[in-house]
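Quick look at what TrEMBL annotates:
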- Gly19, Ser20, Gly21, Lys22, Thr23, Thr24: ATP binding site (BINDING)
Amino acid sequence: MHPNIQKKPLKIGITGGIGSGKTTACRIFEALGIPVYYADSRAKWLMAHHPPLREGIAQLFGPQAYLPGGELNRAHIAQMAFADKALLGQLNALVHPVVGQDAEAWQEEQQGPYTLKEAALLFESGSFRALDAVIVVTAPEPLRIQRVVSRDRVTEEQVQSRIRQQMPEQEKAARADFIIQNDGQQLLIPQVLSIHDQLLKRYDQI
């Protein structure tokens, strides 16, 4: 490569089922100086502040989709979407393109060896195709359920319903370039450091 041409960061995705510990792993990467785009958090913000997206969501879920102050009525939307696979598909079809454009704009502003895009539906949305590699965080389902029940104050049945809406963890792991085991037995930091070192070497070879 010509020395005056600025290399662009590698685009790395990180995903895993609900309760797998994606965000915990991302915090370790951030401590190493790696920029992280949190697609799920950003999607919630865009659903509340992006006018065309708000309009589409209101048409799908009715006037109750937004609270009187303009905030997204997440409980109402989650209750309807997770009970109706077709409706969930329509919601994702609205949200994913907007998040994709937002992520690309964010990516253009980043520097360094690589960036991370954290998203629960990285494979399901098809956004993995624009990435250079994917990290999958895995954990046993009983542990994932326990984590989400404690974190979100929901029932085991509600968590199981959400898990069924996502691609099976084994299928995600089979598509992964890197796997992080977050089973409570293996330490996360050494696994993240190993992946970090491999990605730095890959960047140096560009």
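Yeah, the Cβs are placed from backbone N, Cα and C, and that goes for glycine too.
Because TrEMBL annotations are produced automatically, they should be read as predictions rather than curated entries.
Positions of the features from TrEMBL, shown on the structure.
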residue: Gly19; record: ATP binding site; contacts (Cβ under 8 Å, 6+ apart): Ala139, Leu143, Arg144, Ile145, Gln146, Arg147, Val148, Arg151, Val159
residue: Ser20; record: ATP binding site; contacts (Cβ under 8 Å, 6+ apart): Val137, Thr138, Ala139, Arg144, Glu169, Asn182
residue: Gly21; record: ATP binding site; contacts (Cβ under 8 Å, 6+ apart): Val137, Ala139, Arg147, Ile180, Asn182, Leu188
residue: Lys22; record: ATP binding site; contacts (Cβ under 8 Å, 6+ apart): Ile14, Thr15, Gly16, Glu118, Ala120, Val137
residue: Thr23; record: ATP binding site; contacts (Cβ under 8 Å, 6+ apart): Tyr38, Glu118
residue: Thr24; record: ATP binding site; contacts (Cβ under 8 Å, 6+ apart): Asn182, Leu188
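Take the mean position of the Cβ atoms of Gly19, Ser20, Gly21, Lys22, Thr23, Thr24, the recorded ATP site; other residues of that chain with a Cβ within 8 Å of it are Gly16, Ala25, Val137, Ala139, Arg147, Asn182. Look at Thr24 (ATP binding site): DSSP puts it in a helix.
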